[in-house]
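Trainee: Take this structure first; my questions come after.
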Amino acid sequence: MNKADIHDILDGHKPLGGVNVARVMDVLILLSAIAIALETMPELPDHLRGLLFNFEVLLLVIFAAEYVLRLVTSPRPLRYAFSFWGLVDFLAFAPAMALLTPQWQVVRAFRLLRLVRLLKLFRGSHAMERLVVAFRQVRGELLIFGIIAALMLYVSAVGIYIFEHEAQPEVFSSIPNSLWWAVASFTTVGYGDMFPITAGGRIFTTFVLFIGLGVIAVPSAIITTALLESETNIQRRLREAREEAANEINNSAQDTKGD
């Protein structure tokens, strides 16, 4: 078995003893997500908590072995290690290693990092590849819009602070504190912990809510347009390939008749 065979087995292109390794890994990833949720239950019996810990150790070994195999079978190991999927594969087991040490078990950040494993479910997905291509096509537009959205958030925080600080000094105590209200308003969530009570603040909030709809709609429209263009390009290339193949067949048939 050469490196290419190992790589195909890990990607699910070739079975190992009749078993699709990639699908098995997908099941383990889903089970790990369930385990992460269960271990947060305070009423969970100690013996079940111990089983979850042992399962986490097993996952650590499996994901670490997968990472090492992908690293040694990659034509360019260093490039793989610092690629998106290389970092995802590394983070699939590295945070769990830290959690095995008692002094690090209380660090919640390491627990949350294990959720990076869920990204592995999208490896090899054609839909994900199209989405990545679409993002690359419009990353400039998204960057500009992101900067504009950040400026609008800041202006909204300043505006609501000016209108509401005097009336609610304990709620809108500062501009940084008002940013939470701006984010909640832009996303149209409106948690209700911060809301205007002055006439000027309410009028200003109305404008901010309308702007917030655009903040959500514009990037969605940009990405949707890029996806449609990407799909159109793919269909055009497939059509051209079919036409080229048909022309080659016709030319071969004509050459045969001429002979």
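Placement of Cβ uses the backbone N, Cα and C atoms for every residue, glycine included.
Feature list, courtesy of TrEMBL:
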- 228-255: coiled coil (COILED)
- 27-226: domain 'Ion transport' (DOMAIN)
- 21-38: transmembrane segment (TRANSMEM)
- 50-69: transmembrane segment (TRANSMEM)
- 81-100: transmembrane segment (TRANSMEM)
- 142-163: transmembrane segment (TRANSMEM)
- 203-228: transmembrane segment (TRANSMEM)
Trainee: Taking the transmembrane segment (142-163) as reference, which of 21-38, 50-69, 81-100, 203-228 has the most Cβ pairs under 8 angstroms?
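Mentor: It is 203-228, which has the most Cβ pairs under 8 Å.
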Trainee: Mind checking which residues reach the transmembrane segment (21-38)? Cβ under 8 Å, same chain, six or more beyond either end.
Mentor: 9-12, 15, 44, 48, 52, 55-56, 59, 62, 66, 111, 114-115, 117-118, 120-121, 123-124
